[in-house]
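J.: Structure provided below as structure tokens; questions to follow.
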């Protein structure tokens, strides 16, 4: 931390590593006699002893360290900014505002490269504009449709034929997103963060070129950089994919109803979009190459998919669009009419169908290859474009850090990026030691039947601990709200995965049901605190709720007993 402090100030220093020096113990003894300090680091400036870590940072925060350094700083290179953040998404904004609050001069550069269909958006990144926020709101629109159907059983009488208006929904959601975009700009201004809507590219280790939409170029320097560029949806790379297909980057602001829709992919983006489009009454098909929700618990993924099938979503399994002549335009319009041909992954069979909209949801690519990282020596994983970092989000270049979805091997979740950004700023500029904890992060897939999880999937738990050391408790359940409409009994499902040799500590939490996100958030905190099966059993549930099933689980998978429920 002290070394990084001097790096950030542009001050050259010499570090004598006592544990790597033959005469280290003798030098340490002399240092104790001279300074009365027994710990390291022991910092000297121009022959003056400053102290250890705490005193050095106190001196820095008070300004006395800068005074002692004197000519050392005068000779150092002066930069325009203490910190430049590349990317104005959730993580980048959190990092920039925290650094500014700690008294640093900060700039944020953010630019959205328009999609092949021409879609772009304002400040705030994927989550706000084309991710979590519009996704959850459209999910809510679909849930309201189901609630309307249920309402008749609860006594609501209405004669009017109810229908959904896509344009009304999109306009309302985009108006809300617009208010968030404006709010972010105001927040940056209030915290005196300089914001430029321009594309950033490194041209020197500490210098960046910023290019606006009109092609105007400016140049800016900084002592430290944070990369928070995020990811963009991937295309298949076959003829016609960018001409005839859209992605989630386009869907949420689409000015017309997408009509009969084919979704290619089985990611959480694919299933969430399929769910809410079907929920508002559209004809939806999902084309799956292999498995649903790769990386998630596969039992939960299949149950989520099965629920979608019973509620109108069609699945074409083990097929992919073929390389040539996949897309044929049958009729132009809004929406247009397309013929799509796909081939089996297991043989020569093909299928074809007509659709109004084809949505690609086959994964996302890190936005790292065209920002000049190669010019300054920042290493990336060539296979996926992601950036390897150490446990402090530092890249292969000491003054360049990275956070969010572009990190290699880390979770691609908005709250993770926000937490990492804040903690990074505090370590860089506030003397903090706290690092982002990427373990046991709760998340939820907002499929029609929501899937919340925290910890390990069952497959991973068995792989890591061994099947004989893992106990799985599980149950089906029927939400009380679903009993009167008499729908979907024994489709909601809950399970916990315990490590038998660690006091039955909960190492995996999984729930499939309404409001799964709200349920999982609370249990996520408990898992952080070392939740065990015994503690769950000792917890008194809130009745009648879905979450209370976790306090009454008795049946293990290994017992083979039936977990179907007769009532709520």
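Just so you know, glycine gets a Cβ as well, placed from its N, Cα and C.
Nobody curates TrEMBL annotations by hand; they come from automatic prediction.
Look at TrEMBL and you will find 543 tagged as active site, proton acceptor. Under the heading FAD binding site, TrEMBL lists 136, 405. The NAD(+) binding site annotation in TrEMBL covers 265, 266, 267, 268, 269, 270, 271, 272, 363. If you look up TrEMBL, you'll see 127-132 marked as disulfide bond. TrEMBL lists 1-50 with the feature domain 'Glutaredoxin'. Annotated domain 'FAD/NAD(P)-binding' per TrEMBL: 81-421, in sequence order. For 441-553, the entry in TrEMBL reads domain 'Pyridine nucleotide-disulphide oxidoreductase dimerisation'.
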J.: Under 8 Å Cβ to Cβ from residue 267 (NAD(+) binding site), same chain, six or more residues apart: give me those in sequence order, or none if nothing qualifies.
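T.: Looking at Cβ-Cβ distances below 8 Å from residue 267 (NAD(+) binding site), excluding near sequence neighbours, one finds 293, 294, 361, 362, 363.
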J.: Mean pLDDT across the domain 'FAD/NAD(P)-binding' (81-421), rounded to an integer, is what?
T.: 97
J.: Quick check for the class: what is the C-alpha distance, in angstrom and rounded, between residue 405 (FAD binding site) and residue 265 (NAD(+) binding site)?
T.: 19
J.: What Cα-Cα separation, expressed in whole Å, is found between the residue listed as 'active site, proton acceptor' and residue 136 (FAD binding site)?
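T.: That separation, Cα to Cα, works out to 27 Å.
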J.: Under 8 Å Cβ to Cβ from residue 132 (disulfide bond), same chain, six or more residues apart: give me those in sequence order, or none if nothing qualifies.
T.: 414
J.: I'd like to know which of the recorded positions 127, 269, 271 has the most other Cβ atoms within 10 Å of its Cβ.
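T.: Ranked by Cβ atoms within 10 Å, first place goes to 271.
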J.: Taking every protein chain shown into account, which of the recorded positions 136, 543 has the largest tally of Cβ atoms within 10 Å of its Cβ?
T.: 136
J.: Sorted by position, what residues of the same chain at least six away from residue 265 (NAD(+) binding site) have a C-beta under 8 A from it?
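T.: Within the chain, residue 265 (NAD(+) binding site) has Cβ neighbours under 8 Å at 286, 287, 288, 289, 360, 361, 362, 363.
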J.: State the Cα to Cα distance, in Å, between residue 136 (FAD binding site) and residue 127 (disulfide bond), rounded to an integer.
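T.: Roughly 10 Å, rounded to the nearest whole number.
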J.: By Cβ count within 10 Å, point out the most packed of the binding-site residues listed: 363, 405.
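T.: The residue with the densest Cβ neighbourhood is 405.
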J.: To the nearest Å, how far is the Cα of residue 271 (NAD(+) binding site) from the Cα of residue 127 (disulfide bond)?
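T.: Cα of residue 271 (NAD(+) binding site) to Cα of residue 127 (disulfide bond) measures 17 Å after rounding.
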J.: Mind checking how the domain 'Glutaredoxin' (1-50) divides into helix, strand and coil residues in DSSP?
T.: 23 helix, 6 strand, 21 coil
J.: Could you count the residues of the domain 'Pyridine nucleotide-disulphide oxidoreductase dimerisation' (441-553) that DSSP puts in helix, in strand and in coil?
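T.: Taking the domain 'Pyridine nucleotide-disulphide oxidoreductase dimerisation' (441-553) as a whole: 39 helix, 33 strand, 41 coil.
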J.: With an 8 Å cut-off on Cβ distance to the 265, 266, 267, 268, 269, 270, 271, 272, 363 Cβ center, who else from the chain surrounds the NAD(+) site?
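T.: Output for this site, in sequence order: 263, 273, 293, 361, 362.
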J.: In whole Å, how far does the CA atom of residue 127 (disulfide bond) lie from that of residue 269 (NAD(+) binding site)?
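T.: A Cα-Cα distance of 12 Å.
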